[in-house]
Amino acid sequence: MATCWQGLWAYRSYLLVFFLPIFLLPLPILVPTKEAYCAYSIILMALFWCTEALPLAVTALFPIVLYPMMGIMDASEVCIEYLKDSNILFIGGLLVAIAVEHWNLHKRIALRVLLIVGVRPALLLLGFMLVTAFLSMWISNTATTAMMVPIAHAVLDQLHRTPKGKDVEEGSDNPTFELQEPSPQKEETKCDNGQVHPVPAGSLEPTAQQREELRFSQGMSLCVCYSASIGGIATLTGTTPNLVLQGQVNSLFPQNGNVVNFASWFSFAFPAMAILLLLSWLWLQILFLGFNFRKNFGIGGQAQERARAAFRVIQTEHKLLGPMTFAEKAVSVLFVTLVVLWFTREPGFFVGWGNLAFPNKDGNSMASDGTVAIFIGIILFLVPSKIPGLTPDPENPGRLKAPPALLNWKTVNEKMPWNIVFLLGGGFALAKGSEKSGLSEWLGDKLTPLQNVPSPAIAFIICLLIATFTECTSNVATTTLFLPILASMAQAICLHPLYVMLPCTLAASLAFMLPVATPPNAIVFSFGGLKVSDMARTGFLLNIIGVLVITLAINSWSYPIFNLHTFPSWADTNNTANCLATTPRP
């Protein structure tokens, strides 16, 4: 019997893929309407995304097959959804991020900030959170975490030992910021995740100091993965759900006038990110360092000595990077140029360069944020990585060779997450199919009783629901499934669509409780020293804090940025024609 169950478990993915479509067949058979056909597709994809019976990107391709077969949309219409402007923005932003990572510019930024902040416990925690959050705004959350965790553990290794003079000063203990092997005099005890942390030989119970050091190490690990998730919400390209929102808004409301762009999103999300990051730092400090702030800030002889030892390691590693190369300087200039162009293209509160140089008949910019990102991305393939000049080719003596470009396609192909491009496209196809089939309108009609519920209560409930759901499934899949439903609900109750779509998008990044919730959590957990209970206990309150911060953001400074106090004309459809004549909801 046990062997039978083991066999079923081993083949669970195949069984799910085979039986789920059959189990759901009564829906389209008993209700032969386009709305039911579309609902069948969405439910099937949602279950596959939640169970991961198929790779997420493969499940995202289902609309290309199902929609034409069910008469919902033509294949040509569906396929267009898979490479919209938001996908182009994603690809262009990642080209710049790959260049930053390829030339190690992110490590130089990290070490420089840590040298400025210092290595006293509370400030060290803050320094790592600031660096990780900033880098996560521009490059992948996963790549940021993978780089910062070894640095954090290397610094902690020096902070929790007595300085060794010359070895420490030269940085020979940790020349590449990799975790050190435990010394042979120590026994190893395993944590829940199979990783180990050393305990002195002959000691059955860790001492108070060892427990304190372990707590600080846990706090440092968690601060990296949490700040990576928090930092990503600040920019439109920082994390994929933000781009899902932009794409869904443009797909569902084509006349929205580019209401969600880089500048408007940053104005809304950056303050929320900063507040959440500060509160997270305070919570982690209290939980893992305690209330002894004199000790937390490293005031004391022995603590200062250890801090100096860890500081010397950071100094040494920064020196090993050497002076900035031509490639690093060129990437830095292009990166800053990209950000400036994004902010000034069509900011809304003044006339941008896009309105002046490339206006359409309505005066809006014909160039998008994706246009800017691809433009800078193309330049990366054109600019040489060294000061232009001819050098001998080592492989062909007697011939001259030009330096390679800042970026090449081999590097891009290895580091570009193409699966996310398909996942984004699948989400846009779902939203379009819901609109074409009439499912969005049907859902909106069913949700009209919510008109009697206060708007802040709706936003708060949505945040709690999404924050819970995203712990168990992909944040991209979560936003993809919920945003079209919330847009329909908002139209039905005469509420600004962004009032419910923005909280949903931000809450999808609040995946703090489980190692499987997001890749940064999994990376930190794999380094050892953490139990699932540690992450769940810390992340639970952090989720609550995040929900409260998002609720504050959507009910305060977001109102003037997105004009949330009115029901916009671009959201007016057949089922909301009377909304514009009514008094706006508070």
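For all residues, glycine too, the Cβ spot is worked out from N, Cα and C.
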Segment assigned the feature transmembrane segment in TrEMBL (from 322-344, 506-528): 506-528
Within-chain partners of the transmembrane segment (262-284) [C-beta distance under 8 Å, separation at least 6 from its ends]: 125-126, 129-130, 133, 219, 222-223, 226-227, 230-231, 233-237, 242, 246, 342-348, 369, 502, 506, 538, 541-542, 545-546, 549-550, 552-553, 557-558, 561-562
Selection from 117-139, 506-528, 540-562, the stretch that has most Cβ pairs under 8 A to the transmembrane segment (481-500): 540-562
Distant-in-sequence neighbours of the transmembrane segment (364-383), which means Cβ under 8 A and at least six residues beyond its ends: 85-89, 91-93, 95-96, 99, 236-237, 257-258, 261-262, 330-331, 334, 337-338, 341-342, 345-346, 352, 354-355, 357-358, 405-409
